[in-house]
Amino acid sequence: MKEQKKVFIKTLGCQMNEYDSARMHEVLNEHFDTVKTDDYKDADIILINTCSIREKAQEKVFHELGRWKGLKKTNEDLIIGVGGCVASQEGENIIKRAPFVDLVFGPQTIHRLPEMIKQKQKSQQSQVDISFPEVEKFDYLPEPKAEGAKAYVSIMEGCDKYCSYCVVPYTRGPEVNRPFEDVLAECAILAEQGVKEITLLGQNVNHYLGPMENGQTADLALLIHFIAEIDGIERIRFTTSHPVEFSQNLIDAYATVPELANHLHLPVQHGSDRILINMKRNHTILEFKQKIRKLRAIRPDITISSDFIVGFPGETEEDFQKLLDLVKEINFDQSFSFIYSKRPGTPAADLPDDTPMEVKKDRLKRLQDLLNSNAQIISRQMVGTNQRILVDGTSKKDDNILSGRTENNRVVNFKGDKSLIGQFAMVKITESLPNSLRGELI
């Protein structure tokens, strides 16, 4: 009989981490009969899945660990583990700073968690494994367990871009693609469990080049075509993309695959070619615009979101104005925007940066004001339209109100029977609010 363990997992960062955290629980459950808990004080295993994109990420992790340290006094068998990108960066240093930590594991070694726990219990020594064993983890992970009608599926790991500001190639390793048939099998398993929307994940997901059993290679467009043929899958998304690999094949898929959501997240990071060169993004603004123009020729009403960095070393007011001009021209929807965060070990960390923080904060506010204005206009334009909603559950504020998302990722709240949860429903949008929409079931 398997030993029962209560597991608490705190997830920081991107959708890839959310996917990894779900798989952590599944692999632990195979060995220990685990039960999820939302209270870390009640847990037998506490894991934090970390993100290192932003500045001071390490300190946030050690602050969280400090909250858990005292639990060892009342539960000497408690296992505390640190995973994710901070674990990859810091490795043994985590144990040196926090000797009470039992496990340190990278994104590519989550499948080894049960064995690491057993080794810790046997030797009473902290276990560290931050290696990059390519896609080995997918060979050893159990079948995925769906939670609701939406699911993430990781199709590749790592990144080869080495943008000058980014730590991902150092923490996630080089690009490694999951075999084509393996991805299809995982999607089919999820569809059998009632999943209707799949989000394909990768640090540079549109550079997917998956090996096929026939010896050929499948790109993302071909993968999407095959996933769309799986019975039950009715909506497909993918993230995160790079403009360089946003290929004509992928653009054409928007014409031939109706299951592809009418929304694209395509990080451009800046609107100035000079800044893009210093970021080592390997494309120009003109090339980005040309790809968007081709996409909108196929899907005129598609909404496009992005990621933006302001205050990159050497950014002038002229550079920043070019960013604002791009946001206006493309009409970017809900997007992520940040002040540049220096990451140790990256080339950009050595660039001279003499822009005052007050100026950077002002630029960020101006950018976010423009992005929010764009998003509100798009939301108001949806009032009176009929939208196909995938019903996620009930509203956070009212258990008698259903809540779901449109193709362009808007939250819609409306009255309806709870039997609709996990299903698609047609809803007429009646009101636009700052962070959501209201509607009526048709």
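Each residue, glycine too, has its Cβ placed from N, Cα and C.
Features as listed in Swiss-Prot:
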type    : residues               : note
DOMAIN  : 5-122                  : domain 'MTTase N-terminal'
BINDING : Cys14, Cys51, Cys85    : [4Fe-4S] cluster 1 binding site
DOMAIN  : 145-378                : domain 'Radical SAM core'
BINDING : Cys159, Cys163, Cys166 : [4Fe-4S] cluster 2 binding site
DOMAIN  : 380-442                : domain 'TRAM'
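Features as recorded by Swiss-Prot, highlighted on the structure.
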residue : record                          : contacts (Cβ under 8 Å, 6+ apart)
Cys14   : [4Fe-4S] cluster 1 binding site : Cys51, Ile53, Thr240
Cys85   : [4Fe-4S] cluster 1 binding site : Gly13, Thr50, Cys51, Ser52, Ile53, Ala57, Gly106, Pro107, Val167, Val168, Thr171, Arg172
Cys159  : [4Fe-4S] cluster 2 binding site : Cys166, Val168, Pro169, Arg172, Pro174, Glu175, Gln203, Asn204
Cys163  : [4Fe-4S] cluster 2 binding site : Gln269, Met279, Lys280, Arg281
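Excluding the listed site residues Cys14, Cys51, Cys85, the same chain places Leu12, Gly13, Met16, Asn17, Thr50, Ser52, Ile53, Gly84, Val168, Thr171 with Cβ atoms within 8 Å of the centre of the [4Fe-4S] cluster 1 site Cβ atoms. Around Cys51 ([4Fe-4S] cluster 1 binding site), taking its Cβ as the centre, 19 other Cβ atoms fall within 10 Å, counting all chains.
Counting residue by residue with DSSP, the domain 'TRAM' (380-442) contains 6 helix, 33 strand, 24 coil. Cys166 ([4Fe-4S] cluster 2 binding site) is surrounded by 20 other CB atoms, counting those within 10 A of its CB over all protein chains shown. Confidence across the domain 'MTTase N-terminal' (5-122), taken as the mean pLDDT and rounded to a whole number, stands at 89. The [4Fe-4S] cluster 2 site is set by Cys159, Cys163, Cys166; from the centre of their CB atoms, other residues of the chain with a CB within 8 Å are Lys161, Tyr162, Tyr165, Val167, Val168, Pro169, Gln203.
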